[in-house]
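The transmembrane segment feature in TrEMBL is assigned to B:6-31, B:38-57, B:63-83, B:95-118, B:145-166, B:187-214, B:226-253, B:265-284.
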């Protein structure tokens with residue numbers, strides 16, 4: 001197992017090299033596919049250094065919002081602002097270098113690569129090695145790779161407790177571990193804001209709790225703003241600072257978890273009735289599964 | 001009618017004739033692609049083999065052309081069935097490029113076999129279509145080309161009708177749209193695969209006999225398949241109508257290019273057209289664009 | 001048996017060869033390459049040079065197709081561009097060998113970028129067919145731009161000479177071709193230790209999510225095309241010095257298929273795959289020739305059968321490897337390594 005023999009000078013607290021968390025605001029975003037309005041006038045924001053959850057029934061437009069934010073879809077109207085900068089027209093790679101990282105609903109790891117290489121890929125946009133240096137693996141290229149390896153090992157792999165799988169190809173890993181590797185890769189991007197699309201979907205109780213702990217740690221220790229889409233109400237209510245509810249492509253409620261829980265419109269969206277008590281019961285039931 | 005115009009019409013008619021053969025070969029590509037999502041480059045070599053089988057039955061065994069022709073078509077179909085079961089079925093679910101390369105390899109095997117059996121030098125097929133020329137008004141058309149045109153036209157129309165109205169055609173369309181869903185609806189998807197390969201290869205073999213009747217046979221006549229591949233890419237890999245229109249259009253264009261620019265311009269015009277078409281409509285004029293989900 | 005390897009620094013873990021046996025085997029291999037020309041006769045030296053040229057070309061194609069997932073059936077056309085550039089520079093400008101060769105690579109790379117442009121719009125088979133189309137168009141240009149290319153008769157290339165020493169024998173050529181090949185292969189291996197190589201693999205595996213990681217797709221796809229064509233151009237340049245004549249028929253579509261077959265048989269997406277595949281596919285026809293000579297007393301016209309048998313075997317190798325050993329020779333080599341790692345405790 002590779003470990004450096006001397007204490008590394010790079011072992012410093014996260015905030016020294018990481019940029020400050022970024023705020024994100026979605027302003028009046030409308031998205032049309034042909035005649036269908038997937039999103040209409042969606043407005044919400046994620047405060048720097050907080051956890052914001054976007055929830056809503058299936059087909060409410062949660063993933064569409066994410067795809068607009070990360071640049072796969074271009075909104076028909078409205079703006080996406082990252083720390084006051086309009087990013088609506090930027091291509092995804094550009095947004096990545098501005099500090100936006102995301103994970104996918106159905107894991108988008110590179111199956112042919114090892115865990116380590118997958119994580120290293122996250123740093124791509126911040127590295128400088130050019131073709132000629134790469135060809136000869138000349139000074140700067142070797143130094144950059146070594147520094148990256150050190151950072152990935154000591155900062156990310158240790159933090160997410162995945163050192164035992166670092167040299168395995170991702171295709172042999174369990175679902176929960178793959179999700180964790182995806183998080184690791186996103187962290188390697190040195191994100192200022194992290195978009196998590198259903199980070200605990202399909203996980204068992206224990207894996208969900210691990211992931212919740214990691215998400216909280218990322219927010220607190222790494223100082224990263226987190227925006228997530230999630231169905232697990234227990235998780236959402238536990239760790240979010242702010243919740244936005246979507247239904248049929250519109251924001252129907254927004255506020256602190258407790259406020260949203262009490263909102264009759266939210267209950268109606270989920271249950272078709274306006275009874276907050278029934279919703280509470282159902283949320284409690286979901287939290288227990 | 002002025003001589004220039006008459007000449008132009010004759011050139012165009014000849015182009016439509018070879019275009020019909022292109023369309024027929026393209027149909028073989030489309031049938032196989034629609035059912036199994038395989039671009040079968042070996043269609044070119046099955047076409048060649050169709051010509052050689054006819055040669056073997058008609059010249060070698062001395063059978064009448066009207067016996068040799070169906071036998072050659074059957075031979076092509078049989079080959080298609082064997083290849084599908086033996087080689088393509090085990091590759092199910094593999095990356096499309098690998099399967100494509102398998103068909104490239106198969107093509108090489110077929111060319112080598114044909115050379116082993118019949119030798120490498122070109123041959124001409126025993127005449128079975130009369131050589132008396134045909135006149136459309138004043139315009140001269142070679143009877144062979146006219147026959148090829150009619151046969152190809154009828155075959156493609158029959159296929160279009162079958163696709164729309166016959167149960168098997170509907171099954172094929174369902175399989176093309178979603179294999180798993182078709183399977184769960186009780187459609188015999190493996191059966192559809194086999195039928196598509198058998199019919200596709202039989203069509204190619206038939207096209208090979210017609211092509212051989214017009215221009216003779218050689219082990220390199222498979223390059224004709226490359227032009228047909230251009231047709232299906234331009235027309236849309238999963239569109240029979242695209243194969244028909246694309247085939248006729250390319251036949252015309254090739255005929256004009258080789259007459260007015262010179263024979264060596266045929267391939268550059270053909271492939272130039274392909275690149276332009278690809279940049280404008282990457283999934284063909286009539287093909288369906290598959291949307292990738294995130 | 002090897003239980004594990006202890007490493008003391010990240011640098012050691014990022015090295016190209018991480019275990020002692022790997023280093024030993026590499027040393028033996030390099031020593032063999034140096035000793036080879038003293039042991040082989042002229043015919044086998046000819047083959048060794050040809051193998052080296054094909055290794056360079058196949059390694060380039062492997063970067064594009066095996067690692068980046070962009071299938072090219074026009075690789076031979078880039079070799080032709082390199083060969084023509086070298087032949088033209090050598091006969092018209094008289095510039096030194098090394099400059100000609102690099103120029104061959106660079107001109108081919110420029111063409112590669114041009115041909116790679118459709119990769120913005122189309123993928124997979126469509127791209128493969130676009131590259132076939134491009135190679136036919138280039139073939140047309142080679143015949144018709146006869147002011148530069150010498151038309152159908154092509155260009156004759158004078159013998160390679162470095163510092164006034166003429167290198168006309170295979171023995172001397174070997175000392176130029178083999179080291180260049182070694183550097184090219186090493187360069188390819190290095191590429192995949194850095195962010196550029198990783199980006200290529202990311203594009204191959206899932207090109208949409210590669211974008212989210214900050215990898216600009218078009219730039220990297222074109223980069224992969226240009227690198228692959230650079231390799232092809234270098235190989236074509238060496239080819240021109242080796243065969244001393246370049247004509248439009250020197251690099252047919254079959255050469256492109258041959259190179260693709262070589263990386264399939266060798267193993268796509270593994271540097272060793274390009275090497276093993278090129279060696280195997282170049283030597284296989286020769287082995288067949290010996291086989292046919294051996295059976296010639298039994299089969300009357302064995303000589304005439306050689307060419308079709310080669311065609312059949314060529315196809316059968318592609319089909320066979322794709323069905324039975326899709327990871328190619330590289331996987332077989334891995335399996336042998338694994339076996340010996342546990343030897344003699346597991347048999």
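Cβ from N, Cα, C; glycine included.
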Out of B:95-118, B:145-166, B:187-214, B:226-253, which stretch touches the transmembrane segment (B:6-31) the most, going by CB pairs under 8 Å?
B:226-253
Three or more CB pairs closer than 8 Å, sequence separation of 6 or more: does that hold for the transmembrane segment (B:226-253) against the transmembrane segment (B:265-284)?
yes
Could you pull out which residues elsewhere in the chain have a CB under 8 Å from any CB of the transmembrane segment (B:187-214), counting only those six or more residues past its ends?
18, 21, 24-25, 27-29, 31-32, 34-36, 40, 43-44, 46-51, 53-55, 69, 72-81, 83-85, 88-89, 125, 127-129, 142, 144-145, 147-148, 151-152, 155, 168, 171-172, 174-175, 179, 221, 224-225
If we skip the immediate neighbours and take only residues 6+ beyond the ends of the transmembrane segment (B:95-118), which ones have a Cβ under 8 Å from one of its Cβ atoms?
37-42, 44-46, 48-49, 52, 55-56, 83, 87-88, 219-220, 222
